Amino acid sequence: MEERGSPDGDLARSLEQGPEGPETPIQVVLRVRPMSAAELRRGQQSVLHCSGTRTLQGGPEVAFRFGAVLDAARTQEDVFRACGVRRLGELALRGFSCTVFTFGQTGSGKTYTLTGPPPQGEGVPVPPSLAGIMQRTFAWLLDRVQHLGAPVTLRASYLEIYNEQVRDLLSLGSPRPLPVRWNKTRGFYVEQLRVVEFGSLEALMELLQTGLSRRRNSAHTLNQASSRSHALLTLYISRQTAQQMPSVDPGEPPVGGKLCFVDLAGSEKVAATGSRGELMLEANSINRSLLALGHCISLLLDPQRKQSHIPFRDSKLTKLLADSLGGRGVTLMVACVSPSAQCLPETLSTLRYASRAQRVTTRPQAPKSPVAKQPQRLETEMLQLQEENRRLQFQLDQMDCKASGLSGARVAWAQRNLYGMLQEFMLENERLRKEKSQLQNSRDLAQNEQRILAQQVHALERRLLSACYHHQQGPGLTPPCPCLMAPAPPCHALPPLYSCPCCHICPLCRVPLAHWACLPGEHHLPQVLDPEASGGRPPSARPPPWAPPCSPGSAKCPRERSHSDWTQTRVLAEMLTEEEVVPSAPPLPVRPPKTSPGLRGGAGVPNLAQRLEALRDQIGSSLRRGRSQPPCSEGARSPGQVLPPH
């Protein structure tokens, strides 16, 4: 006799021990429903025999072994106790993801096992003795939460997969298709699914009845209330403790466990159920999703192919059960079969299906909050830093061994190099000191020479003006004092070079002096140095340096002054600005446009030398012309009359 299934062991004991080790197999419980009244009327007999609490005889040569086998005489309370759902609830409170789903042929009692019989009428409650696994789990869970010290938040969602479309059974409006998404943190999830928070058993029962009333049901030959969709009711348990805090990221799911109840639609043969039209389309969709689920289970059984790609995306059902089948959850499968001989082929198919499923293993892991993850992260970082410290210490020891022979030479070389740099800096500092001293001496010499030349220029200018005065007066003539004469208009030509003992008069025109300098462009100094009065000027005839410039278009200024003239005039202007000229100096010249600024300090010494030489030549030529010309008569001019230009 061929025996298939799990090895010997007690299901309750294995569930009470919890998920030990890296992998935990899917727990499978088999329930055989009683013979229906229709089957008894047709005279059909039971072909299944339970030999013990874990073995089912499917024929003379076939036997299947599961975690628990429940015959037709077992009640709903016996099923709840044998399945170990309480242990799953405890794991969910500790943060694990737990799933309970039923599987079997249509009409085998899957919905009855989970939710009990359908209500006989509106407002008529189901008898407590007939309540299914879901109602009993809800009552136990809420009673358990009341005795916990820490606050617990309970929420619920309810959906169905009908013709490969996910519909929300708790939506406020009419159910509409919802998309199934995936991310790294949550895995597969339904977007925009309504999650309702509850705090009492009555509120949760109301949510369950609302979902059951919206679920698609139809009648066919084998079942008068056949479910035409897969239904998933999920309880989210968020328990806050001192070591576990709620998630602060709104994009992540709440930290805590969940308990999911999955009522799969039964597989069916269209020929046996007599489905036509829409019922046949629903049957095809149900069979296709169950086939995808069986294919994923077969691939998960192969150790080599389990590490490869598992096609969970082939169906919406396999997407939502991916975490329960091959992920981080704890899964319980309740296989329901019919004992009738008419359903024996489908019953054997269900038994083989459940036998393969209990060999699938998962890796249960409770999600950790950021606070709970911190010690593990710190420990990992500490190990990495210790490893890096050992590696760097080893490299440092190797470098010390290699550099031990070169340490003495490096120190000596560094000392010699430092001494040489200090010597170079000292020599450079001394050279800069000497250069600075030489530059200061050159500056002082240039300033002294400039001062001497300026004094010589001043003296020569005074001599020039004095010579011009004596030449105009003639020898032996003393002009009368203007104080005894009629008043004359004041002179604006020159500052007072010489003055009368009782008043200040101009030595050239013999009129009282009004101020020190003439206004530019108003009065012109008479020509006293040029004896020629002809129409054309000789090339050597130039106006005195202190004369103001005339307009370029006038007859008195036929040409512009040369650059050398303006250079000499600029030197006189700078001396007047620096207050190095005696009060008897000529008035300030007007600076011509577009003239480069003169050099100051030592740069102006050559110009002063040139001016000194020019003044000497001018004084000599003036004295020679004075000797060659006869003196002018006394009556030729009056004391207040200005000499005409020659």
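Positions of Cβ are set from backbone N, Cα and C atoms, glycine also.
Contacts of SER108 (ATP binding site) defined by a Cβ separation under 8 A and a same-chain sequence distance of 6+ are given as ARG33, GLY266, CYS336, VAL337, SER338, CYS343, THR350, in order along the sequence. What Swiss-Prot lists as ATP binding site is GLY104, GLN105, THR106, GLY107, SER108, GLY109, LYS110, THR111, and the listing cites sequence analysis.
Per-residue confidence over the coiled coil (372-467) averages out at a pLDDT of 83. Positions annotated as coiled coil by Swiss-Prot: 372-467.
Positions annotated as compositional bias 'Basic and acidic residues' by Swiss-Prot: 1-13.
As annotated by Swiss-Prot, compositional bias 'Pro residues' applies to 540-551 (among others).
As annotated by Swiss-Prot, compositional bias 'Pro residues' applies to 584-595 (among others).
Look at Swiss-Prot and you will find 25-360 tagged as domain 'Kinesin motor'.
The phosphoserine annotation in Swiss-Prot covers SER6 (among others).
Swiss-Prot lists SER14 (among others) with the feature phosphoserine, giving a large-scale study or a structure entry as the kind of evidence.
The feature phosphoserine is assigned by Swiss-Prot to SER369 (among others).
Under the heading phosphoserine, Swiss-Prot lists SER638 (among others), citing a large-scale study or a structure entry as support.
Among the features that Swiss-Prot reports, region 'Disordered' is placed at 1-25 (among others).
For 529-565 (among others), the entry in Swiss-Prot reads region 'Disordered'.
Residues annotated as region 'Disordered' in Swiss-Prot: 579-646 (among others).
Report note: the ATP site is defined by GLY104, GLN105, THR106, GLY107, SER108, GLY109, LYS110, THR111, and the residues of the same chain whose CB lies within 8 Å of the CB centroid of those residues, excluding them, are ARG33, THR102, ASN223, GLY266, CYS336, SER338.
Taking each of the binding-site residues GLY104, GLY109 in turn and counting other Cβ atoms within 10 Å of its Cβ gives the largest count for GLY104.
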